[in-house]
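Chemist: Checked Swiss-Prot, it gives:
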| type | residues | note |
| --- | --- | --- |
| SIGNAL | 1-23 | signal peptide |
| SITE | R137 | site 'Transition state stabilizer' |
| ACT_SITE | H141 | active site, proton acceptor |
| CARBOHYD | N248 | N-linked glycosylation site |
| CARBOHYD | N302 | N-linked glycosylation site |
| BINDING | H314 | heme b binding site |
| CARBOHYD | N384 | N-linked glycosylation site |
| CARBOHYD | N401 | N-linked glycosylation site |
| CARBOHYD | N572 | N-linked glycosylation site |
Amino acid sequence: MHASLSSWLLAASLLTQPISVSGQGCPFAKRDGTVDSSLPQKRADAPETTTFGRCAVKSNQAGGGTRSHDWWPCQLRLDVLRQFQPSQNPLGGDFDYAEAFQSLDYEAVKKDIAALMTESQDWWPADFGNYGGLFVRMAWHSAGTYRAMDGRGGGGMGQQRFAPLNSWPDNQNLDKARRLIWPIKQKYGNKISWADLMLLTGNVALENMGFKTLGFGGGRADTWQSDEAVYWGAETTFVPQGNDVRYNNSVDINARADKLEKPLAATHMGLIYVNPEGPNGTPDPAASAKDIREAFGRMGMNDTETVALIAGGHAFGKTHGAVKGSNIGPAPEAADLGMQGLGWHNSVGDGNGPNQMTSGLEVIWTKTPTKWSNGYLESLINNNWTLVESPAGAHQWEAVNGTVDYPDPFDKTKFRKATMLTSDLALINDPEYLKISQRWLEHPEELADAFAKAWFKLLHRDLGPTTRYLGPEVPKESFIWQDPLPAREGDLIDDADVDKLKAAILSTDGLDVSKLASTAMACATTYRNSDKRGGCNGARIALEPQRNWVSNNPTQLSAVLDALKKVQSDFNGSNGNKKVSLADLIVLGGTAAVEKAAKDAGVDIKVPFSAGRVDATQEQTDVTQFSYLEPQADGFRNYGRGTARARTEEIMVDKASQLTLTPPELTVLVGGMRALGANYDGSDVGVFTANKGKLTPDFFVNLVDMNIAWTASGADGESWVGTDRKSRSEKYKGSRADLVFGSHAELRAIAEVYAENGNQEKFVKDFVAAWTKVMNLDRFDLKVKK
C-alpha cells in the first residue's frame, strides 16, 4: 500500500466519532437527499446567528442569484456543449490516458485490490471480513446506469464520483467503497483512472471470491465534472417516490412497465434498476418481473443475461437495513463540510458494521456470501417464502421453516434464515425467468458461463469497439454488442489514389455535392460519444436497419450507394492489392463535395482524409440495438421534428453533444450543410441562398437580415416562412433547427460572425475543421496508431 496509508487510516477513523450532520451543511436538505426549497431563504449576515455560513441557496457571489434559466426556463441551454473541455482537465489537455495506462503495473494493482478485500477497516468494517460484495456493488452501480436507447450512463467516465450519482439513494455507502480504494488510486496515480479502477476492483473481487471472469479491458479516461447531458428523469423526488413523470402518473404496476419514459431504464429517480421491494414498494414478485424485464432490456440485456446478472451478482454479499432510516444523515452533496465528501452518517452506535443501513433491506442470499456458488438459485427455488419486514421496516421475504444457517456478517456465533428480495422472487414468478433459473439450478456451469459473459458486457457496454480496450486481460473473443468490425482487406490507398477516387466520384452520374454531403453526414452523425457506438466506420448505413430509416431517404441513399459501389468495384478491380472500402468512399464522397463547394465559392482548401475504414457485414450488426441510433430529428439535415417533451432544437443540441461539438462547431456545421443543400430529402428548407451547392455563409447573412420577416406556417411552430418586409414576397422556408440560430442570443452571436464581411474564408476553414472532426469521431484505430 501507499506510504501515506497509516495517516489515511488515522483520518478515516474519525468517521466513527459522533458528527453533526447539520452544521455548515445544506439547511434545506432532507434525509432522502432532496431539497425543500419552500423553506425561508433568509439572509444571515452576522456570525452569531444560527444560520450564518450555511447554504443560502441563492448566493450573492459568482454564479449565484437568480439566473437566466430561472427567468426563462424554456431558453435553449448550450451548457452540454461546453462540457469536458481539455482546459478543464487537471492532468493537462494533452494528457494521453491510453499511453499512461500502458505503463501501469497491472498485476500489482490487482494484487493490491485482492489484499485490500480482507483488510477490514475500523471506520467501515467489512461484512464477513471481506469487501468483495461491496466492491462488486460499486462496479455494478457504476456500469449499470447505462441505457441502450441513448447510450448515456455507464461506467465509462467515472461519473459515480459526482452528483447526482454520488448521492443517489441506490448508491448509499458506495462513497465508502471509493474511499477504501483511494490508497490504490493514490499509489498508481495517473496510470489508472477512477473509471477503470472502480470496475477493475469489482472484477478482481469476483475473481478473489472464486469466480472466473472473462477478462477486463481498461481505457476509460476520467472526466472532471458531472455529466449534465444525461436525462435521469423529470421527477423532483427520489425513490420511494420519484416515478410519477416517467410513468405519466400511472400507478397500475401490472400494466405500466413498458410505458416507462424513453430513454430511461430505472423505475424511480435515484435507482439503478428497479425497486427491490417491488413496484412502488408493493411486494408483488410477478409485477416486479415486468419491471425487471423492461429495465434490463433497456440497458441491452436479454432474459438470459438478466437472470445471469441477478443470480450471479447475488451469489455474493448482502443488503443492509439494520436500523431505521430516520437515523441516517444527508447524502454527500448535502452533508457537512467536515464529512469531506462522505454522506449518510449513521447515528446508531458506530454507524457501521452491525448497525449499517443502506437500502433498508436486510438480506443475505447464500450461506457462502464471500465464495462463488450456486447457493442463490438453490435457496430461491428450493425454499418457500413468506413476506416479512426488515429491522428498518422494508418488505422482504424469509424462508418458511428455513434452516438457520446463513452467517451473520459480524458475529460468527450467530446465524439467520434464508432471505430474499421481492425482485429475487420475480425470477420464480415469471415463466421465462423460471425456466432459465431451473435449468441453471441443475447446470451451474452454464450459469457461470452466462454470468461471466453478462458481467463482461455490463462492465464494457459503453467502452466502444475493441480497439479501445487496454491491458493484458482483454479476451480474444468478440461479441455482437461490441459492434465488431472485420480486418481490413488489401493494401491501404495512398494520397494519389485518394485524388483519383475523388475525381471518379465527382464525375459519376447521379452524384452531386448535396447528395454526397448528405450521405456522408448521415453516416457519420450516428456516432454517440456516450458509448462510442455509431459513426461511418463499418458502412452500416448500407445495412439494416439504417438503410431503411426515413431520415436516410432510402431511395436516394440506395442510388448514392450503388454509384459509390461502382466506383469501388472499378478501383478494386484495377489496382492490384490496393482496396478501398465503401465506408471510406462514403466519407471521401463527402470530402470531395466539400472541396468542390468551397472552390466554387472561391476558396481553395484541402479537406483532411484518413483512409482505413472497413465494411461490416449484416451478421456483425445487431439490428435491434442499432435501431436505437435512429434520429427522432436531425438538425444537420433538416429532418423530423420535436416531441411533446423535447423541441427540435433541443434534439439538435443533444445530438451535437454526442458529437462532442462546441456551440461554434454546431453553428458552422449547420450553416455549411444548408449552403451545400444537404437536407435529407433534397428540399430547400433552410437553404437561404441562390448559390446552392457552394460553400458560402449565405445562410447566416440572410438569417440575420432585418429585411426578412419570419412567420410560422403552422400551429406547431415547426415550419417558418421568410418574407421580404417591403414586397411581402416569400423568399425562404425554414425550420426550428434553422431559425434558432437567429433567435437564440448565443447562437446568433456566433452566426453574426459568419455573416460579417471578410469572414468567408474563416467560415470555410471552420466548416472543414468541424466536418473533419465529425467524420473521424469513430476512428479509434487512428488514435491507437498515434
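Just so you know, the numbers here start at 1 and follow the chain as drawn.
Glycine is no exception: its Cβ is also placed from the backbone N, Cα and C atoms.
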Chemist: Which of these recorded positions is closest to R137 (site 'Transition state stabilizer') if you go by CA atoms: N248, N302, H314?
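Modeler: Nearest candidate: H314.
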Chemist: Which residues does N572 (N-linked glycosylation site) neighbour through Cβ under 8 Å, counting only same-chain ones at least six apart?
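Modeler: Spatial neighbours, sequence-distant, of N572 (N-linked glycosylation site): G490, K578, K579, V580.
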Chemist: Quick check for the class: what is the C-alpha distance, in angstrom and rounded, between N302 (N-linked glycosylation site) and H314 (heme b binding site)?
Modeler: 18
Chemist: Please tell me which one of the recorded positions listed here (H141, N248, N384, N401) sits closest to the residue listed as 'heme b binding site', measuring Cα to Cα?
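Modeler: Minimum Cα distance from the residue listed as 'heme b binding site' across H141, N248, N384, N401 lands on H141.
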Chemist: Quick one: among the glycosylation sites N248, N302, N384, N401, which has the most Cβ atoms sitting within 10 Å of its own Cβ?
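Modeler: Counting Cβ neighbours within 10 Å, the top one is N302.
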Chemist: Relative to the Cα of N384 (N-linked glycosylation site), which of the recorded positions H141, N248, N401 have a Cα no more than 10 Å away?
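Modeler: Passing the 10 Å Cα cut: N401.
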Chemist: Which of the listed recorded positions (R137, H314) has the least company, meaning the fewest other Cβ atoms within 10 Å of its Cβ?
Modeler: R137
Chemist: Which whole-number value in Å describes the distance between the Cα atoms of N401 (N-linked glycosylation site) and the residue listed as 'active site, proton acceptor'?
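Modeler: With the alpha carbons as reference points, the distance is 34 Å.
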Chemist: For H141 (active site, proton acceptor), just count the other CB atoms lying within 10 A of its CB, please.
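Modeler: Its Cβ has 22 other Cβ atoms within 10 Å.
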Chemist: Helix, strand or coil for the residue listed as 'active site, proton acceptor'? Use DSSP.
Modeler: helix
Chemist: Please report the distance from the Cα of N248 (N-linked glycosylation site) to the Cα of H141 (active site, proton acceptor), rounded to the nearest angstrom.
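Modeler: The separation of the Cα atoms works out to 26 Å.
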Chemist: If H, G and I count as helix, E and B as strand, and all else as coil, what does DSSP give for N572 (N-linked glycosylation site)?
Modeler: helix
